[in-house]
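Chemist: Below is the structure I would like to discuss, written out as structure tokens.
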Amino acid sequence: MTSPLVKAKSEAEIYINTVFEQMKKKYYHQTEFLQAVEEIFISLVPVFEQHPEYIKHNILSRIVEPDRIISFRVTWLDDQNNVQVNRGYRVQFNNVVGPYKGGLRFHPSVNESIMKFLAFEQIFKNSLTGLPIGGAKGGADFDPKGKSDEEIMRFCQAFMTELYRYIGPDVDVPAGDIGVGGREIGYLFGQYKRICAAHEAGVLTGKKPGYGGSLVRTEATGYGLVYFVEEMLHDHKQSFLDKTVVVSGSGNVAIYAIEKAQHFGAKVVACSDSSGYIYDPDGIDLNILKEIKEVKRDRIRTYIDYRPNASYTEGCSGIWSIPCEIALPCATQNEIDGDAARTLISNGVKVVAEGANMPSNLEAINEFLNNGILFGPAKAANAGGVATSALEMAQNSSRTYWSFSEVDEKLHNIMKSIYLECKNAASTYGFEGNLVVGSNIAGFVKVANGMISEGVY
Ligand SMILES: NC(=O)C1=CN([C@@H]2O[C@H](COP(=O)(O)OP(=O)(O)OC[C@H]3O[C@@H](n4cnc5c(N)ncnc54)[C@H](OP(=O)(O)O)[C@@H]3O)[C@@H](O)[C@H]2O)C=CC1
Ligand SMILES: O=C(O)CCC(=O)C(=O)O
């Protein structure tokens, strides 16, 4: 992709360039947000060239400004009865397609820029699912590492005591993300119920099955990612069978991506956490990994205590130097830069697909696309999680439960149709095989048309 944001020529390029320059001036300090906006804007040039009505309605200036940003203090008591204070956020970015929808992240790095980039991407991802969900994201600069279960509970209760007034099954439906899984959703849901005195199951997704949670939601992002890659591979007459795979992270997305990739016959040889990575030449033993990460909540380095042939390396970026045919970044944003991309390519990677949100920076994406690597962008490849959240909302509002296989089949079909939609959008606009352009265009067009239909506000 060449950046038309450098030298604008056509009316569409001038418009896009002007809006982006205004953004840069206004939000110069929000680097992650600007990065996410730039990637989308570059892809939209051909759409704006064919649809001047989007310029007339000034869609871009409107779509980059969140409907609202809610920011609040979260005050809670630690186990020593000390008063602790964090900052909480909910960015309700766009509800043109449906109620605001998107996860909550609890991580010390959380700030307004990260919240905005995630919520902005969520608009287009959610639109791609074909389900009626708008875009949002939230979280807090709270570090769950080393906290007791009771501290996690008190933090979640304090967080919900502020957030509850802004959410609801038809208003805004949060879910999990980094640092927020079934345990945290349970505590958040309990507090919402306590305050509102109502069992509004559809107010949060990612609940455990038994009180409104959907089967497959835990597995959905990782499984969905692998279903998406399976489509990319099929289209090139290949499969997962016997492929060597490297997955970064060892959280919710990574674990279930590893599970499904192994199920399809791949050999997953490495994964990581924020301290370092493990390499297991015999293939990762998922039972051990789940015990370490899901049960003990321990560090990945302890994996080598159980597997004598495995090794551990401190620091996480080195994971991309392990030779593989398929790389699945499933940890966090900007974990693959230009150098890491070039290393992967020179070691023979054939497919890169993003389980995390924005794990590859723009330089890395360009390296992959320019070198003929099959590249599955996050908005499309990791949409299975939020799609299954929307299936959870559907089950909650119809007061029913679907079986594991029923939800899994729906997820599989959604991932297939997202792939087709991105592929078709790319070729319609002359970018055959470029799923970055395809996903951005397909996600954008539905939202932009909705904005025009719903009038100026
Ligand atoms: N959960 C979901 O349904 C969805 C998640 N995503 C995205 O997937 C990614 C992973 O989320 P999820 O698996 O849910 O989160 P988890 O909290 O379950 O796991 C995150 C994993 O990434 C590692 N990690 C976190 N921050 C860093 C960092 N700065 N450097 C290196 N490793 C890091 C963590 O290591 P450690 O334990 O040491 O912190 C952990 O292994 C995120 O980008 C998220 O936005 C996208 C779609 C849906
Ligand atoms: O399931 C959801 O609502 C949130 C998923 C999410 O946070 C994401 O897609 O990044």
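All residue numbers here begin at 1 and follow the chain in the order shown.
Each Cβ is built from the backbone N, Cα and C atoms, and glycine gets one as well.
Dumping what TrEMBL says about this protein:
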BINDING   LYS101, GLN122, LYS125, GLY176, SER389  substrate binding site
ACT_SITE  LYS137  active site, proton donor
SITE      ASP177  site 'Important for catalysis'
BINDING   THR221, ASN252  NAD(+) binding site
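What does the local environment look like for each feature on the list?
Modeler: Long-range Cβ neighbours of LYS125 (substrate binding site) (same chain, at least 6 residues apart, Cβ-Cβ under 8 Å): GLY135, ALA378, LYS379, ALA380, ASN382, ALA383, VAL386, GLY443.
According to DSSP, LYS137 (active site, proton donor) sits within a strand segment.
Non-local contacts of ASP177 (site 'Important for catalysis') by the CB criterion (under 8 A, 6+ apart in sequence, same chain) comprise GLY102, GLY103, LEU104, ARG105, LEU118, LYS137, GLY139.
For THR221 (NAD(+) binding site), the same-chain residues 6+ apart in sequence whose C-beta sits under 8 angstroms from its C-beta are ASN252, VAL253, TYR256, ALA257, GLY355, ASN382, GLY384, GLY385.
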Chemist: Using the Cβ center of LYS101, GLN122, LYS125, GLY176, SER389 as the substrate site position, which other residues in that chain lie within 8 Å, going by their Cβ?
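Modeler: Filtered neighbour residues, in order: GLY102, GLY103, ASN126, ILE133, ALA136, LYS137, ALA175, THR205, GLY385, VAL386.
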Chemist: Any same-chain residues 6+ apart from GLY176 (substrate binding site) with CB under 8 Å of its CB? Would you list them in sequence order, or say none?
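Modeler: Residues satisfying the criterion: GLY103, LEU104, GLY182, GLU184, ILE185, GLY206, ASN252.
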Chemist: Using CB under 6 Å from any atom of ligand 2, narrow the binding-site residues LYS101, GLY176, THR221, ASN252, SER389 to the ones that qualify.
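Modeler: With ligand 2 as the reference and 6 Å as the Cβ limit, the list reads LYS101, SER389.
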Chemist: As a check: which entries in LYS125, GLY176, ASP177, THR221, ASN252, SER389, the recorded positions, place their Cβ less than 6 Å from an atom of ligand 1?
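Modeler: Once distances to ligand 1 are taken from each Cβ, GLY176, ASP177, THR221, ASN252 fall under 6 Å.
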Chemist: Per the record, substrate is bound by LYS101, GLN122, LYS125, GLY176, SER389: how many Å separate the farthest pair of Cα atoms?
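Modeler: Greatest Cα separation within the listed binding residues comes to 16 Å.
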Chemist: Under 8 Å Cβ-Cβ from SER389 (substrate binding site), six or more apart in the same chain: what's there?
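Modeler: SER389 (substrate binding site) has long-range Cβ partners LYS101, ILE133, VAL173, ALA175, THR205, GLY206, SER214, ARG217, ALA220.
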